[in-house]
Each structure stands twice: as structure tokens, then as C-alpha cells.
Amino acid sequence: MNLSVKRINAIFQKDLKDISKNIFVLSTVLIPFLFAFLYGRQGDVPLEVQFLIINIAFTAVGAFVQSAVIAEEKEKNTLRGLMMSPATSSEILTGKSLLSAVLTVVTMIVCLSITNYVVTDPIMLLSMIIALIFFISLGTLVGLMTKSLMEASVVSVPIIFVFGMGRMFQELFQGNKLVMIFDYLPNVQLEMLASQITEGASFAESLPYLGTILAWTLISIIVTVIVYNKSTLDA
Amino acid sequence: MEEIIKVDSLTKFFANEEALDGLDLSIHSREIFGFLGPSGAGKTTTIKLLTGQLLPTSGSATVFGVPVKEVNSPQHLKKIGVMSDNSGLYERLSIYENLKLYCELYQVTTDRIREVLEMVNLIGEEKKMISKLSKGMRQRVVLARTFLHKPNLLFLDEPTAALDPVNSEQIHRGLRELNQNGTTIFLTTHDMREAETLCDRIAFLNNGEVQLMGPPKELQRQYSNGNIRLELKNGHEVEVQNNKEGAQKVHEWMSSGELVRIQSHEPTLGEIFVDITGRKLI
């Protein structure tokens, strides 16, 4: 598979210029900052809250911004132009994902520095990188399956609730079997992994959590690629 | 001449509705081919099928000898330029920024931007935001983007539909220049003058079927009734047949100094279309 860095960078640079003038999408980036400021002022921030902020950054920035940029390309018929250019599917998808990835990483670094959380464990860091890929892939999927920026925004709301604040729902509906499924969500697995690592879990003990996040990521990438390839054809 | 597009019995159904019915076509290298027909005749469907944006229901088609299913692969898309009714631009970016992206995607230098802007009469406008442009200007930017990589084959869906006569003429000059440099052009149009002056061959499409195909002048001759139109001093216009009787009448008017103008009377492409289909080209 040949990837042209020049083409990927061209799409990234274009998105960067475009989003700097898109107030609607940029405003969602403020949500995790808001949470970080609110909780950061209260002194010691518990691990659950740290992960609430991390997961909101993943969903509101990673997934939402990604779904918005893809949905807008579809709405304005510019995605068709990219598809009809010599850029490969991998170049287009990578180029289109870079902006949300960079924005999420920057948002997370700033937010976690406000709440004083430092990720030092390599397994934890790897899991967060894999989770980032999952959320961007999820955003791409939402963008591809919706017809407009507005529709993508509406669909993103439950995603932000489930994947961003799933842990809060678990606590609200304790004992409900349906909510137990939430345990296997990548965001909850990420928090569980962090908790295990804090308690001194070994590499082997961390693997099931990492494996679950990886499985979510691989499935979402496969589904996204299938949907993208289908969208190269008109209905 | 090398065959660039070959279409055999191509059929396309949308649900139960037939959009194309056994289309046969052969387009050669360096040809400007015009596809004429009323709205819904199947012109855009044909372009989408030939550029791999749609899959045919039956029949086959090749572009550069490659089945259309494989045409939308990067190595073939390098040689093709497509301007369709749904070609979009980035509204929050300038004309230059939109074109620069495509220069990088096609890996051509940004020097080419000036050349294509000249072709579409947009020199000096490059800093303007797309959101501030009129429909006609946007169309010219899309055309400029389509010309950027000097494609071997251009598909243009009504390229001058929203343009005034001056800009249409400028686009025609640009298309002729590309064609002289080796680009084969497949265009759809409603504009009979565009078809007459620009195309080497045209095809009339109606209800998904090609009704008539050939060079415009030849078709006009073929459908001409052979009459000659005369304008007389008293302001009347008369038609005489191209035979002995007609020649006698012309001689009489010439001798008496009544004749002002004499011209052959050939049907327009629009009239030919109405003649063979009973429909107007709108």
C-alpha cells in the first residue's frame, strides 16, 4: 500500500484552514476544557473524573469533529471531488483523520495538565492511542452514514452520552442488566485499565482491557472502510 | 484512431425505472463528443457510469480499455477529469486554496493555477472566498479544477450551463486548446450552438436511447430539405426549392434587382431533435 505523505498533508492543511473558520465545530472543542476547569479548581481530581474528561475529549473532539468534517464534505459534495482525484482511500481517510487526531491530543494534553493527571504507564499510553483511533473511526462512520453536518451533530449526541459519560449512567442505573453491557465499552475499559494500573496490575492483567479496546478499534475500522468503499458509488 | 471509450449495450435501472436502454457508443482519441438530450434522458447517468460512480445493470463499457468498474482507481483517475452537476467546492476557502489542494492531489505545480484561471477568465479573482462567488464563477472554478492536471479524457456535464455568452466563449477556447493538446472531451449540453461549434460528433439521447449520432454539419445536411431562403427588397423572406423552378425564380428576382440576400436553409440541431423524437430539448 503506497501512501503519499504529500497528499495526506494537503488534505490535513486544507482541513486546518477550513476548520479555523468553522465556529460551530470549533465550539465543541471547548466542552472538555470546561469540564477540566470546573473539576481542576477542586484540588485532587479522582480517577473517574479524569476519565470523564478524557472520554469527553475523545467523543466531543475526536468523534464529533471527525463526523462533522466528513459529513460536511458529503453535504457540500466535496468528498466526491476527493474520491475522483488520484488520492487513494487510505490517503483520504488518513488525511481526513489527522485534524481530529491532532485536536484531540492537544485538547487532552491541556485538559490533563489542568487536572494534574500524567500518563506514564506505556500500556495505558498505548491503550489511549488505540482508543483515539477507535473514536476517530467512529466519527468517520457517523460522517459517512449521515447526509449533513446537522444530521451528524444530532447522531453524535447519544454517542457523546454513551461513550463519553457511560460510567455515569452505570452508576445511575446500578443493577440494570442492560447497563452492564457498558462495562465492555472502550471508554469504560480504558478507565478500568487505569484503575488496575494504579493498583499495580501486571502486564498480563492489563491485556484483557487492551484487547477489548483493540477489538472495538479493529471492528470499527473494518466497518468504516466497507462503508467508505460503498460511498464511492452513487446510490 | 485509438478508441478511448467503448460502450456496448449498456443498461441502467434505478429501482424499476430504466435510465439507459442498451447504449452503444465509441469515442476516439482527441474527439470532442457531445451528448444532447432533454433533462432525464440519461446524460448524467452515462457520465456517472463511465467514471465508475455508478455500476451498470447490464452491458459493458471500457475507458482507456479498462472496464468502468475499475476506472475509479487512482492510476486511471490521474488521466481523467470530471466536472459533474454535483462537483463541490470548499466554501470557506479561496479560489486559490481550493485549486492548490487539487494541485497537490494531482501532484502538479501551483504554476498551473494561473494557466487554468486564465482559461476560465478568473485571473485576479484568486483570493476571493468561494462563499462570495456567483453560480457562474463557481462553475468556472470547478472547470479550472478539472483542467488542472491536463487530463487525457474530460467528462463535462453541462460545462457552460450557468455562464454568460462571453464566459462560455472563453471556456470553449480553453476546451479547444486542451483538445488540440490531446485531450478527448465527452460533454453533455442543452446548448445547440455549443454542440454545433465545439463538437466533432454528437449523439441525441432520448429516454435512455441514442436516437441519432454523427458530426453536427452532416446531420444538418442529412435533415435539410434542400430549400434556399431568400430575402427580398420589400422585406419578405421566401423559400425556394433547390431545383430548376427555384433557379428560375432566383434568376427573376436577381434580374429585377429585388434580391437582397440568399442563404441555404439547414435545420438547427434542436429542430432535428424535435423532428426525430417529437420532444423539445429542454
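Cβ atoms here come from the backbone N, Cα and C positions, even for glycine.
Here the structure is a predicted model, which means the values were calculated and not measured.
Database features (TrEMBL):
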DOMAIN    A:52-225  domain 'ABC-2 type transporter transmembrane'
TRANSMEM  A:21-39  transmembrane segment
TRANSMEM  A:51-71  transmembrane segment
TRANSMEM  A:92-117  transmembrane segment
TRANSMEM  A:123-145  transmembrane segment
TRANSMEM  A:152-170  transmembrane segment
TRANSMEM  A:209-228  transmembrane segment
Legend entry - Distal contacts, the transmembrane segment (A:21-39) - CB-CB under 8 A, six or more residues away: 45, 49, 52-53, 56-57, 60-61, 64-65, 68-69, 103, 107-108, 110-112, 114-115, 149
Inset, instruction - Rank A:51-71, A:123-145, A:152-170 by Cβ pairs under 8 Å to the transmembrane segment (A:209-228) and hand me the top one. - result: A:123-145
Legend entry - Long-range Cβ neighbours of the transmembrane segment (A:51-71) (under 8 Å; 6 or more residues past either end): 15, 18-19, 22, 24-25, 28-29, 31-32, 35-36, 39, 79, 96-97, 99-101, 103-104, 107-108, 111-112, 115, 128, 131-132, 135-136, 138-144, 146-149, 151-153, 155-156, 159-160, 163-168, 187, 190-191, 194
Inset, instruction - Report, as numbers and ranges, which residues of the same chain sit near the transmembrane segment (A:152-170): CB under 8 Å and 6 or more residues beyond its ends. - result: 48, 51-52, 55-56, 58-60, 63-64, 67-68, 70-71, 135, 138-139, 142-143, 145-146, 179, 182-183, 185-188, 191
Legend entry - Long-range Cβ neighbours of the transmembrane segment (A:123-145) (under 8 Å; 6 or more residues past either end): 54, 58-59, 62-71, 73-74, 93, 96-97, 100-101, 104-105, 152, 155-156, 159, 163, 186-187, 190, 193-194, 197, 203, 206, 209-210, 213-214, 216-217, 220-221, 223-224, 227-228, 231
